[in-house]
Amino acid sequence: MAENRIGRIVIVGGGTAGWMSAAMLSRALGPTVAISLVESEAIGTVGVGEASIPQLRNFNAFIGLDEDAFLRATEGTIKLGIEFVDWLAPGHRYMHAFGPVGRPLGVTPFHHYWLDARRRGTASDDFWAWSANALAARAERFGRAASAAGAEPLTWAFHFDAALYARHLRAHAEARGVRRVEGRIVGVDQDGETGFLRAVTLEGERRVEGELFIDCSGFRGLLIEEALKSGYEDWRKWLPMDSAWAVPSRDPAPPVPYTRACARDAGWQWRIPLQHRTGNGHVFSSAWTDKDAAARTLMDNLEGEALAEPRLLTFVTGRRKKSWNRNVVALGLASGFMEPLESTSIHLVQSGLARLLALFPDQGFDPLLAAEFNRQTEQEYACIRDFLVLHYKATQREDTPFWASRKAMEVPESLAERMALFASSGRVFSRDEDLFKESSWVQVLLGQGLSPAAPHPMTAVVADAQVDGWLDDLARIAERTAASLPGHAAFLAGVKAEPEPRLAG
Ligand SMILES: Cc1cc2nc3c(=O)[nH]c(=O)nc-3n(C[C@H](O)[C@H](O)[C@H](O)COP(=O)(O)OP(=O)(O)OC[C@H]3O[C@@H](n4cnc5c(N)ncnc54)[C@H](O)[C@@H]3O)c2cc1C
């Protein structure tokens, strides 16, 4: 058995996906497996990807990356959620905050009691008054522990400089023995019968051999598509964004602890505050606006001075039909991309790596392992796709052709069912491989204006006065939690002032 194990892994690509893979696989597999990473400075990386979701904290902890050291090394800031501006209608805003909103009472989720109390006129319309995360974000506060009685910790992720993160991951991976090979890959050596890869070939007639190949080569999918023709499922009919202008700016104000996503006439604009600059981008559909107009929209809506010329990126939303094909596993942009609205792309690298470790093969490459990997990946992508499409479909906007088309579009059946169930009865359930749980779905469904016809009948089991008192208590706890935290800027200043810890082993 032992002689059949994978002894050499080749990672193709040194963007965020490549270096995350190198750091995680070297940590998980130890020195028993030789890991090489091939990258080409001449080709470079996509150079964006600055907002994350809370699961990234688990990744960093797994590879032994201290959180404060990470914030210092990446000019990072805290992200408590995403504020959506003008999505439902011009002038409207809501937040998709991380973490819970309120607490369930028995088996019945919180939002049903809120819906019931709101219907009776005893609860505020502001659902986010029960989210400590949302209140802290609005007040620009953050701390890891709140001192208020009954408080629970916030749920947080980060904004960070992607290039600096990749550099930091590289240091971790190289310290664990990962070998970096600089050079442009110009071909692959495949087994004539099975099509399995034996090596990648580089300029200068160099070869890097392996048994397992991780394709992190970006949109082009050097191994998974160009060599193995795995196919791509195109989701532009639901997610028609295919371009983005990105530009950094100097923010006159201290960084806020949340991402802002402002709807625009044919897309939306992100604003991601880092310590040393703000990342901005206008994601748009070239079917509904031209690129020069899109660039103007971005530059006209910056809050501070631009620090560079805007850069155009183009992509096709969708996913690789097989992320694991023969002895190649694609991660990152090589396995698909669904636009950056909910910052899910880097997470998909992390979950793909966890899945690969759970299904790690030997040199026999049991096809059942690859089939299960692909099944889970497909479901995870489809659940995220539905969540993203919801933001566009559930709009009241018809003021531009783009928004009118989004409102009128036919959505995947899986999403149509979820929206219908929520609209009629307020019920939401997580499905297999659903990255976004009930709290996220409820916030976006309500934020995008869907109002259930009736709350859960179980709310009638509890007396109205008891529900109202309980809602008041929970709102006070959320409010006190947020108020008891230091300012985000003060938190970051404290992090910067700490001495650097040693690299964890
Ligand atoms: C507009 C936009 C905004 C985004 N925002 C977010 C966000 O906020 N949050 C988030 O989670 N994700 C975001 N993403 C996605 C995120 O940027 C990527 O998931 C992440 O950077 C991983 O990219 P990658 O490593 O797969 O690819 P890349 O960064 O493109 O890296 C590809 C690597 O392959 C190498 N390579 C390619 N061809 C060859 C060759 N022939 N020889 C040798 N090496 C080669 C390159 O040199 C490079 O090192 C965004 C993406 C876009 C397009």
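FYI, residue positions are counted from 1 along the chain as it appears here.
Just so it is clear, glycine is given a Cβ too, placed from its N, Cα and C backbone atoms.
A TrEMBL annotation is a machine prediction, not a hand-curated record.
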Annotated companion of Gly14, Gly15, Thr16, Ala17 at the FAD site, TrEMBL, chosen from Leu313, Leu333, Leu341:
Leu333
Based on Cα distances to Gly14 (FAD binding site), point out the closest of the recorded positions Lys79, Glu342, Ile346.
Ile346
Same chain only, sequence gap of 6 or more: which residues have a CB within under 8 Å of the CB of Leu333 (FAD binding site)?
Gly15, Ala17, Val46, Gly218, Phe219, Phe315, Ser345
Calculate the distance in Å between the alpha carbons (Cα) of Glu342 (L-tryptophan binding site) and Lys79 (active site), and round it to a whole number.
12
Would you find the one among the binding-site residues Gly14, Gly15 whose Cβ has the most company, meaning other Cβ atoms within 10 Å?
Gly14
Could you round the CA separation between Ile346 (L-tryptophan binding site) and Lys79 (active site) to a whole angstrom and send it over?
15
Can you check what DSSP calls Lys79 (active site), collapsed to helix, strand or coil?
strand
Cβ contacts of Thr16 (FAD binding site) (under 8 Å, same chain, 6 or more positions away):
Thr45, Gly49, Ala162, Tyr165, Ala166, Leu169, Gly332, Ile346, Val349
